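To start, the structure under review is shown below, and the notes come after it.
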Amino acid sequence: MKKDPYLEVKKQLALEAANLVEPGMLLGLGSGSTSREFIKAVAHKHKQENLDIRAVASSKESHSLAKSLGIPLVDDEEFTEIDLAVDGADEIDPQLRMIKGGGGAIFREKILLQSSRRRLILADESKHVQVLGKFGLPIEISPFGRSSIIATLKNLGYLGNLRKNSHGGFFITNNRNYIYDIHTPNVYPHPEEDLLKLLQIHGIIEVGFVIASVEVWFGYANGQIGKKNTGRV
């Protein structure tokens, strides 16, 4: 397995973010490599300080990791408000608009962010881009009418492929849907417009753009952490 050149940066970000965790909090746990480090850091703090916290996870992988490390988890159908949601991102532009969902959990990730009083995105410096799109844009689509949905997307100029799993079959999300990865267009200077256009298509469950009020912490190889806020409501 290829070594992650930003692993130490992600660990530092995770430790810094874990300092925000206070007794009595309900945490939203994101998905991906940076969120994995945050879960580990929170578990260590929970164990060392006997911290009274609970959490809800955006993916089966994050849920399993948190459970294995002793973080108490709540029923993912019963939470209403989350105190702090921490997640990563695949790309972030200068306006702090981002693409998420590379791990296939965008629908649940967005619900956790929407439900949280404080939303924190952790990202290493490689995730900062001038224009969104090079990573690709994942969207979650319904199995029902799959071919029709994809045909509609292609007619609008959104070309891509259904994501495959490691066994060669179609990748299935935790919600039993498909992921369609758009590779053309590969630049989104006005993601708000594309987001609205895509969400008007029946059968699209969620789109990988995140345009919301969030804090973003960028971690750099020199050990510095840059903290920014969108200022959006």
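Here the Cβ of each residue, glycine as well, is placed from N, Cα and C on the backbone.
Residues Ser31, Gly32, Ser33, Thr34, Asp87, Gly88, Ala89, Asp90, Lys100, Gly101, Gly102, Gly103 are recorded by Swiss-Prot as substrate binders, and the candidate that the same record lists for that site, out of Lys11, Lys67, Lys127, is Lys127. Residue pairs drawn from Ser31, Gly32, Ser33, Thr34, Asp87, Gly88, Ala89, Asp90, Lys100, Gly101, Gly102, Gly103, Lys127, the listed substrate binders, are separated by up to 15 Å at the Cα level.
Counting every protein chain shown, 21 other Cβ atoms lie within 10 Å of the Cβ of Lys127 (substrate binding site). Between Gly102 (substrate binding site) and Glu109 (active site, proton acceptor), the C-alpha separation comes to 11 Å. Annotated pair Ser33 (substrate binding site) and Glu109 (active site, proton acceptor), C-alpha to C-alpha distance, rounded: 14 Å. The Cβ of Lys100 (substrate binding site) lies under 8 Å from the Cβ of Asp87, Gly88, Ala89, Asp90, Ile106, Glu109, Lys110, Gly208, Val210, each on the same chain and at least six residues away in sequence. In this view, Gly102 (substrate binding site) is surrounded by 21 other Cβ atoms within 10 Å of its Cβ, with every protein chain counted.
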